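Peer 1: One structure follows; several queries about it will come next.
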């Protein structure tokens, strides 16, 4: 959520900054907010004047009665004044609801470093690590490898649940678990994160706090009759752990690493990546979430990206980093980097992590603040998050990049201690 004061003072600047944001967003609502805010402030001034008048007259009525004067007309005037105040209060409530409705749907303002552009083709590559894997044979796609090795069962996943669900079997299940363990160990013992195991269901306030609601409700799995949502990412419960709290500045930054299952309807992705593990309704992920002071947030973002990189480097998977352009930035981020792993079956890099600085956008929605001392006025914190990284896509990348001509898959050195085998065959 943006700062209403900033909108009030600089509406044209805000409209300009949001005009090429790439969201389905009409900047004309900024003018509506300014108009409503001005009306509300005028009403509040008028209400205060009316209440002051009512209090003064109310204090005089007993004196007039004691003096034997007729106060009938004055009492009638007071009732009318009370109705007027009530009507003003009703209008203020209507304005508040409308402003909140609009504010919850305004995307974040891009950082000046965000490149111009409309689609993912305009994202800017800033780094490559490793070289795309070369083969002296025709490599298989991970869905074929998984089926041939009897470690991924897409058919039974579909039978049990439907399309975009997978059953992991045998060494496939162990590979998934090994990668989870490796990621969590790396982030907690080397990268300085505290491990969190969050709830997999959250309430509406939590989904609103991180920006999934109201805009992306169609992509969420909702549990009917009780208002719970299955989490699309551990970012939601971990960020909302501190909702409506004022944190002490001396404990910042807070760094959490959370493994969870994630659930997404993928309503806008019909026909995309329909085979394999790349786009599933349910998948596992290790999420990195940070809370820090505003002046530290971009340095913390750089470190967050490095932490996500570290697990891919440990697995020896080639990847690149792109800075996301304005048109592809999404709703909540002020600046975002995608880490894309090389996927031989696609003959291109595929997103495996997004690392974002939301600045105070989520903190305003979730009301997360900090202060240096108990006497200081609380200020909104900055929140960041990144995938550290998506597990299913890592499984796919390992299978494809480590496959051998005989159809077996070598286990990366970093996870052999968890797998207890050198090859899947």
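Note that Cβ sites are derived from N, Cα and C of the backbone, with glycine treated the same way.
Annotations for this protein, taken from Swiss-Prot, read as follows:
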BINDING   233, 234, 235, 287, 387  L-serine binding site
BINDING   264, 265, 266, 351, 352, 353, 354  ATP binding site
Peer 1: Using the CB centroid of 233, 234, 235, 287, 387 as the L-serine site centre, which other residues of the same chain sit with their CB within 8 A?
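Peer 2: For the L-serine site the neighbour list reads 236, 238, 258, 260, 262, 285, 286, 288, 289, 385, 386.
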Peer 1: Among the binding-site residues 353, 354, 387, point out the residue whose Cβ has the most other Cβ atoms within 10 Å, with all shown protein chains included in the count.
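Peer 2: Compared across 353, 354, 387, the most Cβ atoms within 10 Å surround 353.
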Peer 1: Specify the nearest of the binding-site residues 233, 234, 235, 287, 387 to residue 354 (ATP binding site), where nearness means the distance between Cα atoms.
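Peer 2: Minimum Cα distance from residue 354 (ATP binding site) across 233, 234, 235, 287, 387 lands on 387.
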Peer 1: Could you tally the C-beta atoms, other than its own, that fall within 10 angstroms of the C-beta of residue 266 (ATP binding site)?
Peer 2: 14
Peer 1: Which of these binding-site residues is closest to residue 287 (L-serine binding site) if you go by CA atoms: 264, 265, 266, 351, 353?
Peer 2: 353
Peer 1: Between the binding-site residues 265, 266, 353, which lies closest to residue 234 (L-serine binding site), Cα to Cα?
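Peer 2: When the Cα distances are compared, 353 comes out closest.
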Peer 1: Could you give the Cα-Cα distance between residue 233 (L-serine binding site) and residue 351 (ATP binding site), in whole Å?
Peer 2: 15
Peer 1: Between residue 265 (ATP binding site) and residue 235 (L-serine binding site), how many Å separate their Cα atoms?
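Peer 2: Checking the Cα atoms of residue 265 (ATP binding site) and residue 235 (L-serine binding site) gives a distance of 17 Å.
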Peer 1: Among the binding-site residues 234, 265, 352, whose Cβ has the fewest other Cβ atoms within 10 Å?
Peer 2: 265
Peer 1: Checking the spread of the ATP site as listed (264, 265, 266, 351, 352, 353, 354): what is the longest Cα-Cα distance, in whole Å?
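Peer 2: Largest pairwise Cα separation, rounded: 19 Å.
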